[in-house]
Ligand SMILES: Nc1nc2c(ncn2[C@@H]2O[C@H](COP(=O)(O)OP(=O)(O)OP(=O)(O)O)[C@@H](O)[C@H]2O)c(=O)[nH]1
Ligand SMILES: [Mg+2]
């Protein structure tokens, strides 16, 4: 599945981030703890190499603690980078975050630190702003692209926050990454097919979390395929069409929503080990694409040449 969801406001937000960057002292990148690799925006990475960076792995209430720890160790090997694991839904880590910002800020005493809060859609950037401000000042919502423009918030403790809209990047080249983003809710519903995403999630859970599925759906034998799993769930939930066939669209929506809500337990979709292999796959996909484009251009040039010589 390739995702094409890069609406105008994200393009504008990227431009505004580049414009604001010279004044920014520190970058806070909010990641989804279930998908720390797939929720890392390469555009933000490339932009922020020179600034101290705090990576906040949020939604840890939905992710496996042990794997979150592995991700923190992985990120802390990068220059200028510190991490914290958060559950903004159920706790208030504002004191620890503010202490870390003050520790890493390159600003001299008495001068405000401008902190840019960045991240892909729906990871909890505005929830973080509200937590740090101690009041509800940024609109939040359980869907991607709630924040559409930049907003400055003065915490009046020497820290100025810059809330930014969640941005993706124009081409998400890692197919696994696209699926993980869709599974966790970073992609607008209208830009994805629920059944396609449910097949991916079902396949992953069958391989990585078979016991969770057994517990939740109470089957004697593990289904042999994602389709079989969705059919069993569909039959249990009465998602049937006329003639008794399972309504895959309906059961897929239920399955994905349960997964997103944590009803299947704490689930992480990637560990640091996947990075190398998936980066190699992306390079392969890019090389194949470049080769196809080269062939297309060569064919077009030959056609033009032929047409020209026919006209003579
Ligand atoms: N389960 C869980 N949900 C969270 C957590 N933090 C935030 N949320 C929820 O995630 C959803 C998105 O939060 P927002 O703060 O609006 O996310 P955002 O990054 O500002 O999103 P955009 O503005 O759309 O880019 C909301 O429904 C929040 O309540 C968390 O730690 N755990
Ligand atoms: Mg927001």
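Glycine is no exception: its Cβ is also placed from the backbone N, Cα and C atoms.
As recorded in TrEMBL, the features of this protein are as follows:
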DOMAIN    14-170  domain 'CP-type G'
BINDING   58, 59, 60, 61, 122, 123, 124, 125, 126, 127, 166  GTP binding site
COILED    285-312  coiled coil
Checklist entry - Across the coiled coil (285-312), what is the average pLDDT of the model, as a whole number? => result 92
Item to check | Longest CA-CA distance among 58, 59, 60, 61, 122, 123, 124, 125, 126, 127, 166, per record bound to GTP, angstrom | outcome: 21
Item to check | Cβ packing number for residue 124 (GTP binding site), 10 Å threshold | outcome: 24
Next on the checklist: For ligand 2, list the binding-site residues among 122, 124, 126 whose CB atom is within a distance below 6 Å of it, in sequence order.
Outcome noted: 126
Checklist outcome for this item: Sequence-ordered list of residues in the chain of residue 60 (GTP binding site) that lie 6 or more positions away and have a Cβ within less than 8 Å of its Cβ, or none, is 33, 68, 85, 86, 87
